[in-house]
Amino acid sequence: MEKTSRIYVAGHRGLVGGAILRRLQAEGYTGLITRTSRELDLRDQAAVRAFFAQERPEFVFLAAAKVGGILANSTYPAQFLYDNLMIAANVIHASHEHGVRKLLNLGSSCIYPRLAPQPLREEYLLTGPLEETNRAYAVAKIAAIELCDHYRAQYGSDFISAMPTNLYGPGDNFDLQGSHVLPALLRKMIEAKEAHAPQVEVWGSGTPLREFLYVDDLADASLFLMERVSEAGPINVGTGQDLSIRDLAQVIADAVGYTGALVFDASKPDGTPRKLMDVSRLRALGWEASTSLHDGVARTLAWYLAHRAEALAAH
Ligand code: GDP
């Protein structure tokens, strides 16, 4: 990418797209193209086509998606499947039709089979049944990888796919029904501290293991992949380290300074028992995550405290 290249960041208001946009701006890229979902509904094929014909992006970061935590995913599976299939099909096909030079498709670690060996290697894709609580979302994300790979095979398109592990950071969704675990616990602990509440509720058993990547690290990996990598198949992006939800809750309590009790609500789902990424492929290509969980949580906490009204109004 040259500094003046026409670069479309799809989903720039989201956690991932926002981080990629900030990074591109910081690096002095001037040809950045964005649209809010109100301005351009990516599920609308004709609108997407017209947008590509008009703007003629040369590079595309496909970070637009309908996303949510375990409850939202299992409550609205039809929307998660339809919205994400349409967004992927429309953006990837329009990129092909309009001669996009390179596209980076962003997915998720939930594409891998629920009981795949750990850590998750890229070749485990489509080797077993998916986790039920996010199957709809995962199927759409798998379809997007397949689209990129088949357009590469049939048309020679330079479309690549990155699969980040669980992400967090500035701009995350802090809505307690829709969000992922890290922002949810951060908000719950802050509010419990302020209210002098004796306990905070943590969903599930606390035993599932999860890996967390700070979103600015994903933005860094995304630029790295866009610049240097051209391969079929998913490429895992993670830290290679995980911890239990119980330990995560403690890390967050320490960061917030909350000293009350943690109470586990077994009526809420645990989801997949573990999803740790094998990141050796990306490491061999020359990239590693650099932000520790401790630092990332501290930065996210500081951001949330400074932007609380904005964060809560956004979702
Ligand atoms: P997942 O990685 O797709 O399962 O998505 P989540 O980030 O939503 O959930 C990860 C784990 O954290 C699951 O075992 C949840 O039950 C657990 N968890 C604990 N407390 C919370 C909470 O307040 N919100 C969410 N979303 N998950 C929670």
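For all residues, glycine too, the Cβ spot is worked out from N, Cα and C.
Counting only same-chain residues at least 6 apart in sequence, those with a Cβ under 8 Å from the Cβ of Tyr137 (active site, proton donor/acceptor) are Lys66, Val67, Asn73, Pro77, Phe80, Leu81, Asn84, Ser108, Cys110. For Tyr137, the entry in TrEMBL reads active site, proton donor/acceptor.
In the three-state DSSP scheme, Ser108 (NADP(+) binding site) is classed as coil. Look at TrEMBL and you will find 11-17, 106-109, Lys141, 164-167, His180 tagged as NADP(+) binding site.
TrEMBL lists Lys188, Trp203, Arg210, Asp270 with the feature substrate binding site. Less than 8 angstroms from the CB of Arg210 (substrate binding site) sit Thr165, Asn166, Val181, Asp242, Leu243, Ile245, Leu248, Arg274, Lys275, each of them six or more residues away in the same chain.
What TrEMBL records for 7-238 is domain 'NAD-dependent epimerase/dehydratase'.
Of all Cβ atoms in the shown protein chains, 23 besides its own fall within 10 Å of the Cβ of Ser108 (NADP(+) binding site). Marked as site 'Important for catalytic activity' by TrEMBL: Ser108 (among others).
If you look up TrEMBL, you'll see Cys110 (among others) marked as site 'Important for catalytic activity'.
Taking the Cα atom of each, Trp203 (substrate binding site) and Leu167 (NADP(+) binding site) are about 18 angstrom apart.
In the three-state DSSP assignment, the secondary structure recorded for Gly14 (NADP(+) binding site) is coil. Following the DSSP three-state reduction, the secondary structure of Leu167 (NADP(+) binding site) is strand. You'll find the Cα of Gly17 (NADP(+) binding site) roughly 28 Å from the Cα of Asp270 (substrate binding site). Over the domain 'NAD-dependent epimerase/dehydratase' (7-238), the average per-residue pLDDT in this prediction is 97.
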